[in-house]
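Participant: Could you have a look at this structure, given as structure tokens, before my questions?
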Amino acid sequence: MFTGGDEQKMNETVAAFLKHILQRHLERKMNRSFVIMESADIVDYVCNMYIGPALCILGIFGNIFNIFVLFRGRLLDSPYVYIKALSFTDMFALILCLPYLLFTKNSSNFSPNVYNAFVFLPVVNLLTAASVWITVGVTIDRFIFVKFPLLARSYSSGSRVKRRIFTIYTFGILFTLPRFFCYSLVNDLGVFRMEFTPFRDSAYYRVYDIVCIIIYHFIPLVIFVVINTYLIVAVYRARFLRQELGIRNNREQDWQIEQRRFTITLIGIIVISIVAIFPSTISDFSRLTNLSLHEYKLLRNISNLLLLCNLSMNFVLFCAFNKRFVRAIRTIFNKRRNKTRIYISFKSRTRSSRSDTCVVTRQHSFISACKM
């Protein structure tokens with residue numbers, strides 16, 4: 001039998017035990033929040049101050065070199081029209097990202113905040129969305145080329161490809177217009193900062209945000225996964241069929257090898273796009289959930305870093321897998337080297353002819369003087 005005192009002591013013991021468990025739980029939760037907050041701050045600092053700007057600079061020069069080779073190397077096939085548009089789009093996106101990462105992101109002045117709210121955020125969203133859908137366009141074209149080769153010539157003509165690129169940019173601009181009305185600038189005693197507008201906090205923007213996630217992330221991701229799987233299988237099968245059957249015509253063999261290498265290059269571009277888009281899709285969907293600010297910040301920094309890699313890596317892929325691109329580089333530099341050699345030899349011949357003329361003139365004047 002328990003007395004009243006024993007029951008009171010037991011209740012106190014249980015209360016103390018529950019209080020201890022609650023304190024431990026709160027401590028663990030606070031430690032976890034502190035670790036997440038500290039990790040998010042570290043990742044944010046490293047990504048925005050070092051890795052991000054370095055990727056932007058490398059990507060800008062890489063895309064400029066891509067554009068130079070694609071135009072001077074006379075790569076006029078329809079897939080390279082997509083690649084030219086992709087290089088221009090990625091280059092402009094990286095040019096806008098660089099000052100944001102280095103100067104304007106944490107600024108409290110008026111002009112940097114105007115740049116962040118009305119130039120960087122809407123225009124970079126437009127360019128990254130256009131980059132994704134240009135990649136989708138060349139992916140679908142390559143799928144039709146591999147699956148239905150008889151339709152490829154009419155479907156993938158240069159004029160049709162240019163019209164598709166124009167359509168991508170037109171719809172991208174129309175879908176991006178609401179982003180120009182998401183932020184307003186607030187002046188707190190000379191310190192400027194961005195604030196959400198009523199439209200940004202409304203249900204209309206939430207619907208718009210979901211539609212953009214589906215159009216610019218979910219649908220391209222599904223297309224990339226499905227078509228990339230088919231292209232990998234097709235390249236694998238083509239290699240064995242070529243070994244078993246053989247091809248008598250060397251020109252046809254070279255042409256097929258070139259097309260297969262471009263397909264492999266495109267597979268690499270698609271894989272990088274999938275790696276870049278998937279975390280971005282998760283971070284965009286997480287805005288609609290109750291994810292904490294620091295967790296969202298950590299996820300967003302990782303996804304932004306992968307998007308910068310996606311915008312910067314095309315030059316590396318072209319040099320690694322596309323031998324036609326590498327041949328174009330060699331041809332351009334060999335022409336310039338030959339022109340330099342011709343110029344130097346011409347200069348040396350001109351100098352030698354001038355020196356010979358001077359010698360002959362001196363000899364003639366000397367002979368004339370002796371005769372006199």
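Any Cβ shown, glycine's included, is placed from N, Cα and C.
All annotation found in TrEMBL is predicted automatically rather than curated by experts.
Pulled the feature table from TrEMBL, pasting it below:
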type	residues	note
DOMAIN	62-318	domain 'G-protein coupled receptors family 1 profile'
TRANSMEM	50-71	transmembrane segment
TRANSMEM	83-103	transmembrane segment
TRANSMEM	123-145	transmembrane segment
TRANSMEM	166-186	transmembrane segment
TRANSMEM	206-233	transmembrane segment
TRANSMEM	262-282	transmembrane segment
TRANSMEM	302-321	transmembrane segment
Participant: Which residues of the same chain, at least 6 past either end of the transmembrane segment (302-321), have a Cβ under 8 Å from a Cβ in it?
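Facilitator: Answer is 43, 47, 51-52, 55-56, 58-59, 62-63, 65-66, 83, 86-87, 90, 93-94, 97, 128, 131, 261, 264-265, 268-269, 272-273, 275-277, 279-280, 282-283, 329.
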Participant: Other than its close neighbours in sequence, what residues sit by the transmembrane segment (262-282), given a CB gap under 8 Å and a spacing of at least six beyond its ends?
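Facilitator: Sequence-distant neighbours of the transmembrane segment (262-282): 79, 132, 135, 138-139, 142, 146, 213, 217-218, 220-221, 224-225, 227-228, 231-232, 234-235, 299, 302-304, 306-307, 309-310, 313-314, 317-318, 320-322, 324.
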Participant: Between the transmembrane segment (50-71) and the transmembrane segment (123-145), do 3 or more CB pairs sit under 8 angstroms, pairs being 6 or more residues apart?
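Facilitator: Contact between the transmembrane segment (50-71) and the transmembrane segment (123-145): absent, because fewer than 3 Cβ pairs are under 8 Å.
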Participant: Restricting to the domain 'G-protein coupled receptors family 1 profile' (62-318), what is the model's mean pLDDT?
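Facilitator: PLDDT averaged over the stretch: 85.
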Participant: Same chain, outside the transmembrane segment (206-233) by at least 6, Cβ under 8 Å from its Cβ: which residues?
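Facilitator: Same-chain residues near the transmembrane segment (206-233) but 6 or more away: 128-129, 132-133, 135-136, 139-140, 142-143, 146-147, 175, 178, 263, 266-267, 270-271, 273-274, 277-278, 280-281, 284-285, 287-288.
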